[in-house]
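Asks: Following this message is one structure expressed as structure tokens.
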There are 4 protein chains.
Amino acid sequence: MTEFPDRLLSGYRNFMSGRYSDERERYRVLAETGQAPHTLIIACCDSRAAPETIFDCGPGELFVVRNIANMVPPYEPDSQFHGTSAALEYAIQVLKIRNIVVMGHGRCGGIQAALDLDMQPLSPGDFIGKWIGLVRPAAEQIQSNDLMTQTERQTALERVSIRNSIANLQTFPFVRSLGESGELAIHGAWFDISTGELWVMNDKGDFVRPDLVETALQAEEVSA
Amino acid sequence: MTEFPDRLLSGYRNFMSGRYSDERERYRVLAETGQAPHTLIIACCDSRAAPETIFDCGPGELFVVRNIANMVPPYEPDSQFHGTSAALEYAIQVLKIRNIVVMGHGRCGGIQAALDLDMQPLSPGDFIGKWIGLVRPAAEQIQSNDLMTQTERQTALERVSIRNSIANLQTFPFVRSLGESGELAIHGAWFDISTGELWVMNDKGDFVRPDLVETALQAEEVSA
Amino acid sequence: MTEFPDRLLSGYRNFMSGRYSDERERYRVLAETGQAPHTLIIACCDSRAAPETIFDCGPGELFVVRNIANMVPPYEPDSQFHGTSAALEYAIQVLKIRNIVVMGHGRCGGIQAALDLDMQPLSPGDFIGKWIGLVRPAAEQIQSNDLMTQTERQTALERVSIRNSIANLQTFPFVRSLGESGELAIHGAWFDISTGELWVMNDKGDFVRPDLVETALQAEEVSA
Amino acid sequence: MTEFPDRLLSGYRNFMSGRYSDERERYRVLAETGQAPHTLIIACCDSRAAPETIFDCGPGELFVVRNIANMVPPYEPDSQFHGTSAALEYAIQVLKIRNIVVMGHGRCGGIQAALDLDMQPLSPGDFIGKWIGLVRPAAEQIQSNDLMTQTERQTALERVSIRNSIANLQTFPFVRSLGESGELAIHGAWFDISTGELWVMNDKGDFVRPDLVETALQAEEVSA
């Protein structure tokens, strides 16, 4: 076994002398009392779309699931897709988290793979192929539109997939009942890694830029 | 659908006026050229153990999988556990990442659940129960050791589980062959959320504090 | 016949005491020497998407065709669609304009009408229905995608239609030959009336935001 | 495909930092609520006769059709001339616009082409020739008057053509009935690009200079 990567050790050293020295007490308390994150976020593994970075969140705030293409499978007690379901169950039933964000992003490799209808398995297990199966029907429909450019189809499927995952969240009985009673809120977001823009889903399912100026004014009023 | 959470929008605003204004060009290039992260890290969903924070990594560096108790299932082409396997396949076969870190942490809720042998299902799907099944045999063995305190059993299983996951990584043929040729390195780490300490696995499987002073000196020599 | 509308007369009075007093000489010379606009722009009749406003252009600069949904029909010498073809012929063959921009915009009523597959004729002549026929096949294909929201379909067709019109431009022999010799350039643009953003078409047919900062730097270099 | 023209990008940048920063909210509201322009104006493509400029109108005010020589064809449900008819139908039947202005101008190239009775087709399609056919009978009659100078014949035909187009407007049943009930007003105007003067049509069909001082006084009385 080789040495632990220098890049990570030096990054850790920066963490300790930088952020951690400000947040030391916070970590200690969180260890003692346990975590009470305000949001469950389902994000992509992509190195360019890290939730803590994008939302400038610190320890204790976000309970984060990251998988290929930020997907939530439908509720199937005997389903293959247990990892994300287990994290969802833990977040809602144990940690009592009441805000869920499904965050996708531009240039998503998983979505690109889904649109590559001739893609060959990358190992005998074809794990990507099976995982992407969650969104393959939608991918086939979108890829059949030859009027759109590949980039337009990619962006379309990234957003369709977020809406899909939100619909799948609502097939979990414990999510649906909390949503119906108004105790749980579900949100969609899409991060443009090229421009840093965040688009959020409105109640029509459309992705729009939030009015950040207005939000700032409201936040100031609340804290005054 | 309620408004997108203010806390996240104001965090995003901080990101845009802060980090992003320094990293703007980096995001733009990463969008254009694609990502080439140096490390795949399998971490826990826990809000107190975020890899980018702990290793002070920026966009493009870490390909991150986060699931309950940072587990890697064994290679089973017909397995239920496709999410993590798909991310692993994508990282190794598509992105050609050649460093893997399995990072666990103290006070892990998933490990705690595994040690709770009488735990009742938290929903009819019992997703946590099934997911934790990956480490249940080890949990039973450790929990039966009545000489250790619960905290010692917790820490022990956290580390056993990391070693388990590393062994499981090596059941994936594409991981094993790259490991054998020396092209791929696998590492284990354990983050103490209470003290901020990072422990890394040595080649005996033990978790030790890396000598950060020595590492700093070596890094300076290399760059001189 | 009623009085000429006051709003227009008072606007004209503003024009005479404002802009015109600065541009008086320019109009006089243009009247004497004739016009030599640098760009033919095909834009929509929409009151929110005026080319001279959006591109801050003055007299003599833009030769402007405005019709419903900024469409260019295919070259058909015996076709019904003579108006836009005549303007194109005049611009290229008489005025020797060598830049063409097809500019669409968001919330386009013509595109919305095209996507309304059950739309009834608004007069026995059904002029809108026939005009929109230029883009109806594309509209049917896009409207059949039930995964996208109506807004997403609208934006998609607005852009497909621009690409369509650009392709139709190239069916005019005098446009095609000048394009092939590199003497004529054709561009696509899409104006977001909600945010004022201009998106321009790249050589993949995708609509992107131009880097206005870079453009400003280049412009300064050229004039230095 | 070459770069989008710098002149247009820098004009757009001026728009964004200038007018748009004052009109931002207006665009946003217009996008949300839709357009309700007060006037449909049929103008010429000519770069020196832009309606928004001449009437100092902003976003949302004018629904603008621009074609060669600002012509309106007669109502023919099976007519070839669908573009302008479609825009007229949209303006009156959909947007419920109740003011129409047909605006011609001096030095009109289309009118000049109409008077050039020996003009050869400028492409096999002879699009200009066919379009100008709308006014060719009048052109032949005027051109045969050898007592007038060419400039006088030009100005005469420009004004005859405006009256022609106004008469053609009234062949559209939906225009005629709204005109008869007094709900719709039609106006003619002629812009002298050499002097900036605006001439408006009175109920005899003559083009006269409006008394702008009187109009200003009346406007002040109304607002007092």
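Using the three backbone atoms N, Cα and C, a Cβ is placed for every residue, glycine included.
All annotation found in TrEMBL is predicted automatically rather than curated by experts.
Marked as Zn(2+) binding site by TrEMBL: D:Cys44, D:Asp46, D:His105, D:Cys108.
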Asks: By Cβ count within 10 Å, point out the most packed of the binding-site residues listed: D:Cys44, D:Asp46, D:His105, D:Cys108.
Replies: D:Asp46
Asks: Given binding-site residues D:Cys44, D:His105, D:Cys108, which are under 8 Å from chain C when comparing Cβ atoms?
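Replies: Listed in sequence order, the binding-site residues near chain C come to none.
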Asks: Centre the Cβ atoms of D:Cys44, D:Asp46, D:His105, D:Cys108, go out 8 Å, and tell me which other residues of that chain have a Cβ in range of the Zn(2+) site.
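Replies: Same chain, not in D:Cys44, D:Asp46, D:His105, D:Cys108, Cβ within 8 Å: D:Ala43, D:Cys45, D:Arg48, D:Ala49, D:Ala69, D:Asn70, D:Gly104, D:Gly106, D:Arg107, D:Gly109, D:Gly110, D:Ile111, D:Glu158, D:Phe191, D:Ile193.
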Asks: Going by DSSP, is D:Cys108 (Zn(2+) binding site) sitting in a helix, a strand, or coil?
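Replies: Going by the DSSP assignment, D:Cys108 (Zn(2+) binding site) belongs to neither helix nor strand, so it counts as coil.
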Asks: Work out the three-state DSSP category of D:Cys44 (Zn(2+) binding site).
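Replies: D:Cys44 (Zn(2+) binding site) sits in a strand per DSSP.
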